[in-house]
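In what follows, a single structure is set out as structure tokens and then discussed.
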Amino acid sequence: MNTLGHFLRLTTFGESHGSVIGGVLDGMPSGIKIDYELLENEMKRRQGGRNAFTTPRKEDDKVEITSGVFEDFSTGTPIGFLIHNQRARSKDYDNIKNLFRPSHADFTYFHKYGIRDFRGGGRSSARESAIRVAAGAFAKMLLKEIGIVCESGIVKIGGIEAKNYDFNHALKSEIFALDKEQEEVQKTAIRNAIKNHDSIGGVALIRARSLKRNQKLPIGLGQGLYAKLDARIAEAMMGFNGVKAVEIGKGIESSLLKGSEYNDLMNQKGFLSNRSGGILGGMSNGEEIIVKIHFKPTPSIFQSQQTIDIKGNECECLLKGRHDPCIAIRGSVVCESLLSLVLADMVLLNLTSKIEYLKTIYNEN
């Protein structure tokens, strides 16, 4: 499927080397002021070609809004938008058009559909994620109206892990590093991977918090069974290229603990810890929502690798082109956008949870 969300629905289209990629964001309430500066900044954060740690492919990524906005406000109708692909280099893929690149989607796409766009991976390329970031910017505009902000940074590159989390530093960092002290070591790990014609994995941390530091997030976002907030978050994140694991709160570490070590105790002021990552019973509990995203190493590496062609013959594959040495860096921005989309969707869903909410809306008339 090509659609994410239920009340706020994003449908995307387009391929890596097609003329355009685009999206339709349906369900956005009317009357939201469109923050064009925010939209542009979000696109720049994801943009390649900014430094030596991302893909050299640098697209302008100018978002062309085609519908759903009038005089700088959302109209309540579907917001349509396009991004033109201007710097694709399809010739880089001529030598692999009949080969399956190791650990790419080539093999599965070909066997499922019987045809594949070999140019940059076609629909399976992370190029499509530019649309998710644009849509996430619109979702952020909605969330800002009710005091919710999402932010992200890099926790780990290879085995080099941040010891301190500084989201303000991440915004200034070339690799969105959360820990200034570990940043140079993490950069060295990426440089070494590039030098060896290799790639490296990483972990991103995404969090949602109240816009006002002394306030809590809304309680009750999500549903108890089939629309659990953590399940929807995991679904959105796992739908992005290269994501192999998603943790909420303590995540994997939870399986090593006893209940007495894990439980978030409470007093009259609220929770004394946040090992649950801000979600209990599939619903937000008011604490910060904490999500860790584990990315595999970029499968596009510049080493000769054994593979097969579309006829099943064994052969060698040596890639050309422009690729990220570490998916996690720009992927952190995409996942931040995805969390924004999920939360905005859940905010709209929550309007149906109590009759008082509906009475407030309809009794005003």
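Note: Cβ is positioned from N, Cα and C throughout, glycine not excepted.
Per Swiss-Prot, NADP(+) binding site is recorded for R46, and the stated evidence type is sequence analysis. Sequence-distant neighbours of R46 (NADP(+) binding site): residues of the same chain at least 6 apart with a C-beta under 8 Å from its C-beta are D61, S129, A130, V133, R330, V333, V334.
In this structure, S300 (FMN binding site) belongs to neither helix nor strand by DSSP; it is coil. Of all the Cβ atoms in the protein chains shown, 21 others lie within 10 Å of the Cβ of S300 (FMN binding site). Residues or ranges marked as FMN binding site in Swiss-Prot: R123, S124, S125, N241, G242, G281, K296, P297, T298, P299, S300, R322.
Within the same chain, the residues at least 6 positions away from T298 (FMN binding site) whose Cβ sits under 8 Å from its Cβ are S199, I200, G242, H323, D324, P325, C326, I327, listed in sequence order. There are 21 other CB atoms within 10 A of the CB of G242 (FMN binding site), with all protein chains counted. Taking every pair among R123, S124, S125, N241, G242, G281, K296, P297, T298, P299, S300, R322, the residues recorded as binding FMN, the greatest CA to CA distance is 43 Å.
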